[in-house]
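Working notes, structure below.
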């Protein structure tokens, strides 16, 4: 007795699916640009935050940032992980260090190296897809002038009436009503 056709077809389909998964895993990665790149970094790095260039490679001028690597070349999870920020201290370290300090010890606010509000505005521009021209100062001025021009054009009357009645040679409307 041989193998039934249904089972052999099922085995063939499963092996084909497995082969395709393996090929896709070794194939080229996905390219990410703009808002997709920012959203993916937020997802991968979660509460740790991330850098657009690796902090350890700032001295090396030839190193590429994440935009050059992920937008123009393929990008994978391992590469994205390298741009995640490392937290300064874990929660355990912070809680034990505060317990050691006396209660009357002054606590000064810690400065941030990464301004979240500035990043959020930049990320919002990336998501909205504003062109680079509008992000530049001159571009904003040109956009403002264009907006003012469009507003003035929109509020212009459709028909401009002449100040004098052309049929009666400049006679006023009172005289024309008396004349009838």
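The backbone N, Cα and C atoms fix where each Cβ goes, and this holds for glycine too.
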May I ask you to indicate which of 65-85, 107-127 is given in Swiss-Prot as region 'A'?
65-85
Per-state residue totals over the region 'A' (65-85) - DSSP helix, strand, coil
13 helix, 2 strand, 6 coil
What is the total of other Cβ atoms whose distance to the Cβ of residue 48 (site 'Important for interaction with integrin') is within 10 Å?
11
